[in-house]
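*Asks:* OK, Swiss-Prot features for this one:
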- 1-15: topological domain 'Mitochondrial matrix' (TOPO_DOM)
- 35-40: topological domain 'Mitochondrial intermembrane' (TOPO_DOM)
- 67-72: topological domain 'Mitochondrial matrix' (TOPO_DOM)
- 106-128: topological domain 'Mitochondrial intermembrane' (TOPO_DOM)
- 184-190: topological domain 'Mitochondrial intermembrane' (TOPO_DOM)
- 224-232: topological domain 'Mitochondrial matrix' (TOPO_DOM)
- 257-261: topological domain 'Mitochondrial intermembrane' (TOPO_DOM)
- 16-34: transmembrane segment (TRANSMEM)
- 41-66: transmembrane segment (TRANSMEM)
- 73-105: transmembrane segment (TRANSMEM)
- 129-152: transmembrane segment (TRANSMEM)
- 156-183: transmembrane segment (TRANSMEM)
- 191-223: transmembrane segment (TRANSMEM)
- 233-256: transmembrane segment (TRANSMEM)
């Protein structure tokens, strides 16, 4: 390694941004093929390349940060700023879905019967599965905070227990959401109600899956003693992301499930 006189990480050339972009193209194209032609081949190819990219990119970052010591305090500060900006961009992303929902529901057009929910739509009961989902995500927010405090105090076993509980609650939420979709009396093609409901809750569900994956990686890293009380930004970023997912769900629940029904 050549000598450097600064605290910043000069990243080596990497193929993973390219393969990540390719997998994103394959997944989005595959989703369209699945919706319109009921073919999942392209979607499966996209998911496979995405999983391989994630595994190898995470492996490289872990090697650079944990084993090569490239993540100095200055680098960590840059990563923190990057994660904050990423979460802000996600807030704006979901703002678009809420905008579409309120644009359609606050002044329903004559085509919708002049009412919301539109004529013929039977909305889900907000006091059944959606309320259980809310409880599950709020509980996971408590357990991820417990994990963070345990890590800061150097209590490895409690951190692992709390992180495992958070992951289990995330998986449980995903299964509940899948069962709700399966039982729903309307589909994504049922006008603007179906579109806004499934796109908003579906993208949130996707973010829960991404967050759960992030936490699973952190769980295995903690098993291998990668985190210390002073050097654990990977876990901190996952916790921030999980709290963001929690807050978005609260807005979804109040807006779409409770008020929108």
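Cβ coordinates are placed from backbone N, Cα and C, and glycine is handled just like the others.
Not measured: the values here are computed from a predicted model.
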*Asks:* Please identify the stretch among 129-152, 156-183, 233-256 with the greatest number of Cβ pairs below 8 Å relative to the transmembrane segment (73-105).
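*Replies:* So the stretch in question is 233-256.
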*Asks:* Summarise the model confidence on the topological domain 'Mitochondrial matrix' (67-72) as a single mean pLDDT, whole number.
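*Replies:* Reported value for the topological domain 'Mitochondrial matrix' (67-72) is a mean pLDDT of 85.
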*Asks:* Would you kindly list the residues that approach the transmembrane segment (129-152) from elsewhere in its chain, counting only those six or more residues past its ends and only Cβ-Cβ distances under 8 Å?
*Replies:* 158-159, 162-163, 165-166, 169-170, 172-173, 176-177, 179-180, 208, 215, 222, 227, 229, 232, 235-236, 239, 242-243, 245-246, 249-250, 253, 257-258
*Asks:* Quick check on the topological domain 'Mitochondrial matrix' (224-232): DSSP residue counts for helix, strand, coil, in that order please.
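*Replies:* For that range the per-state counts are 0 helix, 0 strand, 9 coil.
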